[in-house]
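Novice: Checked Swiss-Prot, it gives:
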type	residues	note
BINDING	C141, C146, C152, S387	[4Fe-4S] cluster 1 binding site
BINDING	C172, C176, C179	[4Fe-4S] cluster 2 binding site
COMPBIAS	40-56	compositional bias 'Low complexity'
DOMAIN	155-376	domain 'Radical SAM core'
REGION	40-64	region 'Disordered'
TRANSIT	1-37	transit peptide
Amino acid sequence: MAASTGKLRTLFSAHSSLSARPSSALPALRLTILRSYATTTPPDSSISNPSNPSTTVKRPPTAFKDKLNAGPAFSDFVSGKKDEPLDPAEAYALKTALVGPAGRKKEITRLPSWLKTPIPDSSNYKRIKNDLRGLNLHTVCEEARCPNISDCWGGSSKSAATATIMLMGDTCTRGCRFCSVKTSNKPPPLDPHEPENTAEALSRWGLGYVVLTSVDRDDLADGGARHFAETVLKIKQKAPNILVECLTGDYAGDLEMVALVANSGLDVYAHNVETVEALTPFVRDRRATFQQSLRVLKAAKATKPELITKTSLMLGLGETEAQLWDTLRALRAIDVDVVTFGQYMRPTKRHMAVHEYVRPDVFDMWKERALEMGFLYCASGPLVRSSYKAGEAFIENVLKKKRGKNVGSASGKGTTSENVEKLVAGEAVR
């Protein structure tokens, strides 16, 4: 009992000594506590802390930053969430009308008649879809939700149909704000059987013209260029007379990879600038630039001058007439042969809103202007896409002018198995 009482007295005396300390010691203690927080301003203004984030100068907001932040970010495309389809009010928000009795009118939206397309349900559409699924192939027609799929796939026979095969999977490493293709930083590995399966499918259909495109694969050292070129060579082996158009990415500006694809035996090298230079940072992934796209098209033509080069632009994003003129001049300066114009249509809620629905007569006007500037062919219309009826347009308007009658055998060069082996080994096919 005496020992317990002694302990209590000791604790009490220690507490009393702490309480009896002068208040002058407290400010030093408080200063130490405040300094333990990195974001707290010291009480003495003469004390400076260079590492303090609160002292860094913030850049004033800019119109570019505000506009970019208001739109979808890269993370929106890699979230893995399922896309929600747009309702008419969001997809066609620029065409509105007030309907209903007085005092209870409500605003509704109207779809321009020139943008209406039928629902794909033909037997030929189903046959092509089944063939693609059986060979584990993808098409940009489906992945990009092209409005022309019922027209392109709905012919009376497979030979009358047009399908754009999308190589290297259905997942892209870029997040362009207009495109509904799935996005991921780490897409699945390439299918080594895809070149052979693609060639097999196309040889079954007996097509005279095919369009190959691909997702961007920035995760691969060559951007997938060798895979792309090998597919072209396999197609030419199985169907030497088929005309092949390749709509490629920019391969992160690697012009050696551009040359590799250009030398693979294709007939048309296509790469889309998508929009005018001023809008490119808002529309495309930040890794894609307008000038880089021009360099790709220029390199393809320089590698093989007899190639047809082609590009495509979307209208309705907010571009001006002067900007379109500048774009066409830049394309002609590097000898691009074919250009197409189409209406941008917002695919999902995550993507850019439509700025304007361009009238069909305006598309006709730009077609005339492009032809007057020296383009060999221009397809221009609200529903025109880069590969829309590409074979028909190519055969009727480009090959007859540039290659004459013997176009079927013009692209048989460089299609031997020896070239395929060189390609896989990393050598350019000449």
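Every residue, even glycine, has its Cβ placed from backbone N, Cα and C.
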Novice: For C172 ([4Fe-4S] cluster 2 binding site), list the number of other Cβ atoms lying within 10 Å of its Cβ atom.
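Specialist: Around the Cβ of C172 ([4Fe-4S] cluster 2 binding site), 24 other Cβ atoms lie within 10 Å.
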Novice: Compute the C-alpha separation of C176 ([4Fe-4S] cluster 2 binding site) from S387 ([4Fe-4S] cluster 1 binding site), stating it in Å without decimals.
Specialist: 19
Novice: Just to be sure I understand the packing, how many Cβ atoms besides its own are within 10 Å of the Cβ of C176 ([4Fe-4S] cluster 2 binding site)?
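Specialist: There are 22 of them.
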Novice: Rounded to the nearest Å, what's the C-alpha distance separating C179 ([4Fe-4S] cluster 2 binding site) and S387 ([4Fe-4S] cluster 1 binding site)? Just drop the number here, would you?
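Specialist: Roughly 15 Å, rounded to the nearest whole number.
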Novice: How many neighbouring Cβ atoms, not counting its own, are there within 10 Å of the Cβ of C179 ([4Fe-4S] cluster 2 binding site)?
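Specialist: That number is 23.
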Novice: Distance between C172 ([4Fe-4S] cluster 2 binding site) and S387 ([4Fe-4S] cluster 1 binding site) at the Cα atoms, whole Å?
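Specialist: The separation of the Cα atoms works out to 19 Å.
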Novice: 10 Å Cβ neighbour count around S387 ([4Fe-4S] cluster 1 binding site)?
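Specialist: S387 ([4Fe-4S] cluster 1 binding site): 29 neighbouring Cβ atoms within 10 Å.
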